[in-house]
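Q: Below is one structure. I have some questions about it.
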Protein chains: 2
Amino acid sequence: MAAPNWLYENFDTAGSAIGFRVNKKLDEVQSPFQKIEIYGSTDWGNVMLIDGAMMVTTRDNFLYHEMMSHPALFTHADPKTVVIIGGGDCGTLREVLRHPGVEKAVQCDIDEQVTRMAEKYFPELCESNGDPRAEILFDDGIAYMANCEPGSVDIVIVDSTDPVGPAEGLFNKAFFESCHRALKDDGILVQQSESPLVLLDLIKAMRTEMGKAGFTTFQTLPFPQPCYPTGWWSCTLARKGQGFDFRDADARAKPFETLYYTADIHKGAQSLPPFVAKALGEG
Amino acid sequence: MAAPNWLYENFDTAGSAIGFRVNKKLDEVQSPFQKIEIYGSTDWGNVMLIDGAMMVTTRDNFLYHEMMSHPALFTHADPKTVVIIGGGDCGTLREVLRHPGVEKAVQCDIDEQVTRMAEKYFPELCESNGDPRAEILFDDGIAYMANCEPGSVDIVIVDSTDPVGPAEGLFNKAFFESCHRALKDDGILVQQSESPLVLLDLIKAMRTEMGKAGFTTFQTLPFPQPCYPTGWWSCTLARKGQGFDFRDADARAKPFETLYYTADIHKGAQSLPPFVAKALGEG
């Protein structure tokens, strides 16, 4: 590729597309699970695609990684043990490890190649991989959660691709039952839950499956994410009974810098737009 | 166009693109000012492009129109006279007229063809055009503001295209001086201010020009907008001294429905992410 070129992801489900101007294809690997491509872009740093879907750019990944971690960690009273299912780019792991109270953070992604690519093309996301509290596994996240010691985990973060292909099994009752069992009574499950504008049906279906698995309270937090379809994304928290008041004072006094997350942003995201609240039965 | 096709806007400034799957080109007109195209899409209703840039889709325009109007109108103590510069699709006008206290709303767009196209392809946006409080002009907004009676307007809303082509003159000191003169002492200027992720320089430059024109306090509110580059957009409010505390109780008791805007969403948008606050010198 000589001159800059436009690289698009056509998101069939929603009939919308996202694209970046790229000037170089840096790598491509077909792992046993998926095709991973890396491009250099003119304005967004490096871009990782998995099976043609934009996963991470250097420039905007902080939005997603901060929102997948800090709201859950500042909602739980004292999170010590965190499990990340997926998250092979290690960006969520890095954010989790910013919390000094975390004693152990396990990252279990099925595809080692995602992490190898991240180490090479997104080294800043991997800067905490050597933290003694981090355990990085390349294994089936569904099996990992099924075999987890009951009541041993404070927070499970499901940082997965879309619910097709390898990630399909991360969106159903059986998987959520494993998460429910692994979590302590005050534990929190948080999962990336796609676009609140065009994928409300998916968020509803996910909550229904979580409910069948025993979770009783839910909270969906929207946030901007330019490299994902519609540029507007969400995570959904689930819990066994407790509400989602967060540790406001601790969030304000957090001992680390963030680019997007703040206590006020967290609080703001808790107020759903009426059309979302209505669709989720909270209106 | 027989089979569905992908229609993209490549946003050169940011090196990112937005696209929709369309199945029909419904119309195209070259006005004296710009080329206006209308497509039917598979998932987003109709789509209007001006000079190749996505302007409005049936599905997501409520985000922009609600945020261009309600935050300013619920910040001003008692807005009676509102001027909209641009806004030819009439969606902002419709939102402004939902406020019972508004006695007069002037919409001044240079291009009559935008409104003619909106009447035909986005009739819901034009449903308040016959309101006796509405005055719809097709004229040069720069001249309109320059000739406005001093101290006669409560709110000026600049609902323009990007600062190139016909809208270029809506982003500089001379135009803002006209707005400043036309506004009463407690008046509010609000302008669409592009993407807070990739166009922070533009927001800074706009605030600087507003400052040269006499405005002293500013507030930038981010919101999601899938059909604009990066899917994350903003409006910027400017004032002559007063702050931006809004009429919280009135916003909660508003006598009309909204899909996105609420008092809590408004309050949430007032908390800028740290990277935006820092770039704007508010960090």
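Our numbering is plain: 1 for the first residue shown, then up by one each step along the chain.
Note: Cβ is positioned from N, Cα and C throughout, glycine not excepted.
The following feature annotations were taken from TrEMBL:
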ACT_SITE  B:Asp159  active site, proton acceptor
BINDING   B:Gln34, B:Asp109, B:Asp140, B:Gly141, B:Pro166  S-methyl-5'-thioadenosine binding site
BINDING   B:His65, B:Asp89, B:Asp159, B:Ser160, B:Thr161, B:Asp162  spermidine binding site
DOMAIN    B:4-240  domain 'PABS'
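What does the local environment look like for each feature on the list?
A: Listed in sequence order, B:Met68, B:Ile84, B:Ile85, B:Gly86, B:Gly87, B:Thr92, B:Gln192 are the same-chain residues at least 6 apart in sequence whose CB falls under 8 Å from the CB of B:Asp159 (active site, proton acceptor). According to DSSP, B:Asp159 (active site, proton acceptor) sits within a strand segment.
Shown in sequence order, B:Ile110 are the residues of the chain, 6+ apart in sequence, with a C-beta less than 8 angstroms from the C-beta of B:Asp140 (S-methyl-5'-thioadenosine binding site).
In three-state terms derived from DSSP, B:His65 (spermidine binding site) belongs to a helical segment.
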Q: Expressed to the nearest Å, what is the distance separating B:Asp162 (spermidine binding site) and B:Gln34 (S-methyl-5'-thioadenosine binding site) at their Cα atoms?
A: 13
Q: Three states by DSSP: which one describes B:Asp109 (S-methyl-5'-thioadenosine binding site)?
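A: Its secondary structure by DSSP: strand.
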Q: Tell me the Cβ contacts of B:Asp89 (spermidine binding site) under 8 Å, same chain only and six or more apart in sequence, or just say none.
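A: The list for B:Asp89 (spermidine binding site) reads B:Met48, B:Met55, B:Val56, B:Asn61, B:Val114, B:Thr115, B:Ala118, B:Phe122, B:Leu125, given in order along the sequence.
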Q: In whole Å, could you give the widest CA to CA gap in the S-methyl-5'-thioadenosine site formed by B:Gln34, B:Asp109, B:Asp140, B:Gly141, B:Pro166?
A: 16
Q: Please identify which of B:Asp109, B:Asp162 has the densest Cβ environment, defined as other Cβ atoms within 10 Å, among these binding-site residues.
A: B:Asp109
Q: Which residue, out of the binding-site residues B:Gly141, B:Pro166, shows the minimum number of other Cβ atoms inside 10 Å of its Cβ in this structure?
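A: Per-residue Cβ counts within 10 Å for the binding-site residues B:Gly141, B:Pro166 bottom out at B:Pro166.
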Q: Nearest to B:Gln34 (S-methyl-5'-thioadenosine binding site) by Cα, among B:His65, B:Ser160, B:Thr161 (binding-site residues)?
A: B:Thr161
